[in-house]
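Visitor: Quick one: the structure is below, and I'll ask about it shortly.
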There are 2 protein chains.
Amino acid sequence: MLDLRPVGYVIGLLVAALGVTMLAPLLSDLVAGNGHWPVFLEAAAVTILAGGLTSLACANGVTEGLSIRQTFLLTVLVWGALPFFGAIPFMIGASNLSFTNGFFEAMSGLTTTGATVLGGIEALPEGLKLWRGIMQWLGGIGIIVVAMVFLPELRVGGMQIFQAEAFDTMGKILPRATEIASRISVIYVGLTLACALAYNIAGMSGFDAMIHAMTTIATGGYANYDASFANLPPATHYVASVFMVLAALPFVRYVQMVAGTPQALWRDAQIRAFFAIVTLVILGMTLWVWVTTYDLREEGFRHALFNVVSIMTGTGYASADYMLWGSFAVTAFFFIGLIGGCAGSTACSIKVFRYQLLFTSIRVQIRRIHSPHGMFAPRYDGKPVSEDVLNSVMAFFVAFIVVMGLFTVGLSLTGESFITSVSGAAAALGNIGPGLGETIGPAGNYHALSDPAKWLLSAAMLIGRLEVLVVLTILTAKFWRA
Amino acid sequence: MLDLRPVGYVIGLLVAALGVTMLAPLLSDLVAGNGHWPVFLEAAAVTILAGGLTSLACANGVTEGLSIRQTFLLTVLVWGALPFFGAIPFMIGASNLSFTNGFFEAMSGLTTTGATVLGGIEALPEGLKLWRGIMQWLGGIGIIVVAMVFLPELRVGGMQIFQAEAFDTMGKILPRATEIASRISVIYVGLTLACALAYNIAGMSGFDAMIHAMTTIATGGYANYDASFANLPPATHYVASVFMVLAALPFVRYVQMVAGTPQALWRDAQIRAFFAIVTLVILGMTLWVWVTTYDLREEGFRHALFNVVSIMTGTGYASADYMLWGSFAVTAFFFIGLIGGCAGSTACSIKVFRYQLLFTSIRVQIRRIHSPHGMFAPRYDGKPVSEDVLNSVMAFFVAFIVVMGLFTVGLSLTGESFITSVSGAAAALGNIGPGLGETIGPAGNYHALSDPAKWLLSAAMLIGRLEVLVVLTILTAKFWRA
Ligand SMILES: [K+]
Ligand SMILES: [K+]
């Protein structure tokens, strides 16, 4: 039998911790004097109580460490349970959302997706804006820790190639997960503060700078304005572009940089490929918008840069409605979102290292077709890659595409158009945020969708955030039988 | 050095043979007395001459058998060269097509794609209608032979699992390719005649029955009417549905059936999965159209049946404009086309056996995640499947999706909308025919597309027909160096 108590214990603690973080928006509302603070007092009380009681109830079953199956369940249930509590302020607060909308907004926050159902964000009390930022910020650091500590050990979707690495380069000195997590947290906090300062200098208010810094470093994409970055000063677009890129790089490289080996950063094959792709796409898109929309103006380059970086890193801010840039841009943004950033960062979607390994797999196949009896030793980043890793990555890609197809069909059943369904499925599963078309495109939001569509998208966000195979594993009968 | 002469010799012979088949539409125009026959005399003369001269020029280099690289080149060049000659009647004939349009129509015919640029097909001379039918019919038998004889040996996209089989079950008696090809041709001709008879009984004229039988058994989809099957008698819809399904089953099973082992047909795991999926999708679509469009009428079931079978087998006929059936139907038809029929038939796209093996691969991965040190022996159709086959199938899927993405972006660059680009790429690469949307959907055709878009789609048809990896292999530098 699978003992759920150790899982419940940790989840209870995390729920209670989420409740404690609600004191920040409480304080923020108090300072702003908008009279909205009791919402967060109530939400915090309920959340801390629920989390604390769960932990207490499970405390008698706590053991040293978790089994692999318990780790799986924990990972999924954390992201499944926290949104129920994260939703409370949206439901009882000034935004007055339904349960479905509140859950969607919280799931979208904690998975760093950034798809919103809120309109008139400008007019919301400070506390709610801060709460959106905090959820994405927590979701961001949470997923880095999961990606660094759990996924490599769970051998999910090729993440095992980072196992040896994380523990080799840091491991001899820092063998323990908590040590990794704390070092990375320092980087995470440092980047957030640097980003906030830069936003502030670029012309944002201190409050906006802080919140947008949190949702930038989390590649989350929640903004304090319905129009996202469209009406913010041009300088902030450049600041955002720089920090979105920084947030999409593997955080372990920053740890190494601080530890005195900065060359680790530019010797990383994944980082080099990411920069090559993002540069190419920015150049192509700049040319396209110059020819079609902005004839050779700085504005054209800036919007191409900002939106390409935003979608490729899975942040999801918008500085312009690129649905108006013609069919090539629309189509390109769909695929850019499916590329994604680097593993070990807050970025999501399929990710650059997987494409590198997928192309290696295809090359291996083509060579086998040439020379059926030849031996090939594929390499990644200078090191040999096992067949096992290549298979794992291919299986991830197949699962991602098939699951995306199923969610697309599901969304179309709720009545959404083909373009909303397919881009919504991609935007949720890839934790990108905006989709295509008028409804959920860069100028729209998710409010108009039906409740069933919102639940489908919430499920897709969770499945995508946990690299698809984690959830699929839990859904197999064998998982529960073993 | 790669000796191209043996390849040129065979291609020359095939071109000349194509020229000889032009005598059939010549005769047809003569009989109809429409004065259009000189077109085919001219085209046949040019084609036979060009083919004959090529063969003669290469005759001094003919060797026993072909190397693997020569086989690759032959396969690609056959489908690359024949459309140039197949286009001639469309260019100099009554349809008066441009070179681009003529090539597109011929490539679409010979790859059994069935995407057409022709309007007013009703009014075309008999010879041109017959020529469209003949090209698809030849393309259909051609691809079965390639899939049975060449692809398993070339180990492309998992086709190697059919190697042992084809040669085991038939091989001890019939070890040679020509023998396999001739047995299958008999089945192919027999099915075509049976289909023509059934169409005739169901109410088609003898001429229509023959041509639609040819394009049905080839799962090609060229029809003699702009409205495809929409205005043909309902009985023909049922006849077409039955024969499209029969044409999408592995032809080797029919050979075995004729040889006295009919049980081979229903014991085939691929066939069972194909029937399970097609039945499920027909039921689902029938329910959907009953609820939304046809309230419980026979008509609703018939159109659901016909169009689902047409798209899943990659035939591409239409009996109704399913763009009007709501978003779910539109979305579903996109994905149905990506399923496809059975390997070893005229059907195209990703194909059912690959999905079976892809799901096996994902199951293997999930089991490995559970039990990192366990051993798993995946099976297909009761027999063990090697890791090699699973990798090959996954690499095929990845290549198919990535190439489809590239063609989608390419089409969007020519100015086509997102839905036209993505569905056009799928319809061409999957050799399905109709796409989605108003331009190239079931009620439209490909005439309005720009020339660059037509060349992109022609390339996609060729790449898709040859299982993607064949063309990718030829495009590698290593292929030419070795
Ligand atoms: K995001
Ligand atoms: K077709």
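A Cβ is built for glycine as well, from the same backbone N, Cα and C atoms used for every other residue.
Where the annotation comes from TrEMBL, it is an automatic prediction and has not been curated.
Feature table excerpt (TrEMBL):
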TRANSMEM  A:7-27  transmembrane segment
TRANSMEM  A:39-59  transmembrane segment
TRANSMEM  A:71-92  transmembrane segment
BINDING   A:Thr112, A:Thr113, A:Gly220, A:Thr315, A:Asn431  K(+) binding site
TRANSMEM  A:134-151  transmembrane segment
TRANSMEM  A:180-202  transmembrane segment
TRANSMEM  A:235-252  transmembrane segment
TRANSMEM  A:273-291  transmembrane segment
TRANSMEM  A:322-344  transmembrane segment
TRANSMEM  A:389-413  transmembrane segment
TRANSMEM  A:455-477  transmembrane segment
Visitor: Do the transmembrane segment (A:389-413) and the transmembrane segment (A:322-344) come close, with at least three CB pairs under 8 A (pairs 6 or more apart in sequence)?
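Guide: Touching, no - the transmembrane segment (A:389-413) and the transmembrane segment (A:322-344) miss the threshold of 3 or more Cβ pairs under 8 Å.
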Visitor: So which binding-site residues out of A:Thr113, A:Gly220, A:Thr315, A:Asn431 are up against ligand 2, CB under 6 A?
Guide: none
Visitor: Other Cβ atoms within 10 Å is the metric here; tell me which of the binding-site residues A:Thr113, A:Thr315 scores highest.
Guide: A:Thr315
Visitor: Among A:7-27, A:134-151, A:322-344, which stretch has the highest count of C-beta pairs below 8 Å with the transmembrane segment (A:71-92)?
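Guide: Against the transmembrane segment (A:71-92), the leading stretch is A:7-27.
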Visitor: With pairs closer than 6 in sequence left out, are the transmembrane segment (A:134-151) and the transmembrane segment (A:455-477) joined by 3 or more CB pairs under 8 Å?
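Guide: They do touch: at least three Cβ pairs between the two stretches lie under 8 Å.
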Visitor: When you average the Cβ positions of A:Thr112, A:Thr113, A:Gly220, A:Thr315, A:Asn431 for the K(+) site, which other residues in that chain have a Cβ within 8 Å of that mean position?
Guide: A:Ser108, A:Thr111, A:Gly114, A:Gln136, A:Gly139, A:Gly140, A:Thr215, A:Ala218, A:Thr219, A:Gly221, A:Gly314, A:Gly316, A:Thr346, A:Cys348, A:Ile432, A:Gly433
Visitor: I want to check the contact list for A:Gly220 (K(+) binding site): same chain, sequence separation of six or more, C-beta distance under 8 angstroms. What comes out?
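Guide: A:Gly220 (K(+) binding site) has long-range Cβ partners A:Gly109, A:Thr112, A:Thr113, A:Gly114, A:Gly133, A:Gln136, A:Trp137, A:Gly139, A:Gly140, A:Met214, A:Thr315, A:Gly316, A:Thr346.
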Visitor: Okay, the transmembrane segment (A:180-202) and the transmembrane segment (A:39-59): do they have at least three CB pairs under 8 Å, pairs separated by 6 or more?
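Guide: Answer no, regions not in contact.
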Visitor: Grab the same-chain neighbours of the transmembrane segment (A:273-291) for me: Cβ-Cβ under 8 Å, and only residues 6 or more beyond its ends, written as numbers and ranges.
Guide: 245, 248-249, 297, 300-301, 303-305, 307-309, 312, 325-326, 328-329, 332, 336, 339, 341-342, 352-353, 355-356
Visitor: Most CB pairs under 8 Å with the transmembrane segment (A:235-252): which of A:7-27, A:180-202, A:322-344?
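Guide: Ranked by Cβ pairs under 8 Å, first place goes to A:180-202.
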Visitor: Taking a Cβ cut-off under 8 Å, which residues six or more beyond the ends of the transmembrane segment (A:7-27) line up next to it in the same chain?
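Guide: Counting only partners 6 or more residues beyond its ends, the transmembrane segment (A:7-27) has Cβ contacts under 8 Å with 37, 40-41, 43-59, 61-62, 66, 70, 73-74, 77-78, 81-82, 85-86, 89, 126-128, 130-131, 134, 138.
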Visitor: How many other Cβ atoms are found within 10 Å of the Cβ atom of A:Asn431 (K(+) binding site), counting all protein chains shown?
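Guide: So the Cβ neighbour count for A:Asn431 (K(+) binding site) comes to 31.
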Visitor: Let's check the environment of A:Thr112 (K(+) binding site): how many other CB atoms sit within 10 Å of its CB?
Guide: 32
Visitor: Can you tell me whether DSSP puts A:Thr315 (K(+) binding site) in helix, strand or coil?
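Guide: Once the DSSP labels are grouped into three classes, A:Thr315 (K(+) binding site) ends up as coil.
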Visitor: Check A:Asn431 (K(+) binding site) against DSSP and tell me helix, strand or coil, would you?
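Guide: Assignment for A:Asn431 (K(+) binding site) reads coil.
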